[in-house]
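Taken straight from Swiss-Prot:
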type	residues	note
ACT_SITE	His132	active site
BINDING	Cys45, Gly46, Ala47, Gln48, Arg68, Arg76, Ser78, Asp108, Lys109, Gln110, Gly158	NADP(+) binding site
BINDING	Asp217, Glu389, Glu393	Mg(2+) 2 binding site
BINDING	Asp217, Glu221	Mg(2+) 1 binding site
BINDING	Ser414	substrate binding site
DOMAIN	14-208	domain 'KARI N-terminal Rossmann'
DOMAIN	209-344	domain 'KARI C-terminal knotted 1'
DOMAIN	345-485	domain 'KARI C-terminal knotted 2'
Amino acid sequence: MANYFNTLNLRQKLDQLGRCRFMDREEFADEANFLKGKKIVIVGCGAQGLNQGLNMRDSGLDISYALRPEAIAEKRASFQRATENGFKVGTYEELIPTADLVVNLTPDKQHSKVVADVMPLMKKDSAFGYSHGFNIVEVGEEIRKDITVVMVAPKCPGTEVREEYKRGFGVPTLIAVHPENDPKGEGMAIAKAWAAATGGHKAGVLESSFVAEVKSDLMGEQTILCGMLQAGSIVCYDKLVADGKDPAYAGKLIQYGWETITEALKQGGITLMMDRLSNSAKLRAFELAEQIKESLGFLYYKHMDDIISGHFSATMMADWANGDKDLFAWREATGKTAFENAPKYDGKISEQEYFDNGVLMIAMVKAGVELAFDAMVASGIYEESAYYESLHELPLIANTIARKRLYEMNVVISDTAEYGNYLFSNVATPILAKEIIPNLQKGDLGEPTPAVEVDNITLRDVNDAIRNHPVELIGQELRGYMTDMKRIAVAG
């Protein structure tokens, strides 16, 4: 198999990267009706598998789970999750032959094996679904030509997909039809019904492509969503302790700080996050963000280039073949960092204190979001996709750090995201430690920024620069579709 994207000519590549259309709510008037009465079999019962299945069943669809015989015989976690929630569970041989839609929600590295196992069992003219297009785009998997191949990709962890649905809402979602596999022209109807069944149509759906979803998803998770949070956590904690701060306080400021400051992103973008600061602190955060961009800009664009070329996926798949040697080594090293082992702090940190004492962290968020967004757009990815894969998902990932620090983040995200995170953070961490940390001033981290005289013209120009960045302009439009977003921060 060959990387599918690399088999396309330039015109086709640009067309696929640029597929992005925000769908009207009226297009989902039929909701999930197209799939009602059809048999849907989900392969895999992890976070996405279980929670999408719960939503789809509650939307009136016929859902069952196909698991490997050993998972059933040994009553593994996937079997327990499915049966405890009242789902029918069976082997591939028992369930796949009668399925109208088979949804593959296993980890990326298992996709080729799953395809090889289920494809011979699937009935003629059925459909096959993904929630991430890596197997199609990067691995180059070729699906039987009579089978319709679609994607529904919620832009949230599986737990959030369920919680938002229970509130009568949903999470923003990308949908796509693989252009090589739509023999009956029903792909979009299937994808729309699936997205509606998960509740995604209530938060906004982008009609995208497998290519655009994969390339933007990989870029976001490697850089701002995971890599920047990991690198920032490590260097900020080390700096606080080196400055004599209580290690327990430093740990809590970082652990819950990302979540608290990015909650402002969710409600009002970078503009609101920066508005939580005093004028003196805002100007300093802006200055620091520009310095961080100068230091890390090349790394963001390198990751984007390696994702577009297929170099990243080839490197990671080589590690798969080597038993995940690098992944496991990097995971172990992360567990040994000082931040991961910081003592618990029982004191209270107010919401505003996270902003006042975290100016450097805010600068890292601003710089990281803008760099990731700009790199994606410069590579042909549309602004809507770039927004969802940078700013929108950041509060959700920050929330995982608030639970159990970097360990929880790396458990919740996919192995693909975790591998890319380490590639980025392993390079970004020493750069930040060498080029940014030594030049910090009093009030950049761990204590409030001292008040200084603020020039009206300077403040006006900085505010204009913040508010007029393209990620802010498209973000304001897209957040209009998500007016019922819940508050997720739990910091205390």
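Cβ atoms are placed via backbone N, Cα and C, with glycine included.
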Item to complete: Report the DSSP secondary-structure composition of the domain 'KARI C-terminal knotted 2' (345-485) as helix, strand and coil residue counts.
Response: 101 helix, 0 strand, 40 coil
Practice prompt. With H, G and I counted as helix, E and B as strand and the rest as coil, say where DSSP puts His132 (active site).
Written response: coil
Fill in: Structural state census, the domain 'KARI C-terminal knotted 1' (209-344) (DSSP three-state)
114 helix, 0 strand, 22 coil
Worksheet item: Taking only the binding-site residues Glu221, Glu389, Ser414, which one has a CA atom nearest to the CA atom of Ala47 (NADP(+) binding site)?
Response: Ser414
Worksheet item: Where the record says Cys45, Gly46, Ala47, Gln48, Arg68, Arg76, Ser78, Asp108, Lys109, Gln110, Gly158 bind NADP(+), what is the longest distance in Å from one Cα to another among those residues?
Response: 21
Response to the item:
Rounded Cα distance in angstrom between Lys109 (NADP(+) binding site) and Asp217 (Mg(2+) 2 binding site) is 16
Fill in: Residue pair Ser414 (substrate binding site), Cys45 (NADP(+) binding site) - Cα distance, angstrom, rounded
14
Worksheet item: What subset of the binding-site residues Cys45, Arg68, Ser78, Gly158, Glu221 lies within 10 angstroms of Glu393 (Mg(2+) 2 binding site) at the C-alpha level?
Response: Glu221
Worksheet item: Which site among Arg68, His132 has the most other CB atoms no more than 10 Å from its CB, taking these as recorded positions?
Response: His132
Response to the item:
Quick note, Arg68 (NADP(+) binding site) and Asp217 (Mg(2+) 2 binding site): C-alpha atoms separated, nearest Å, by 28
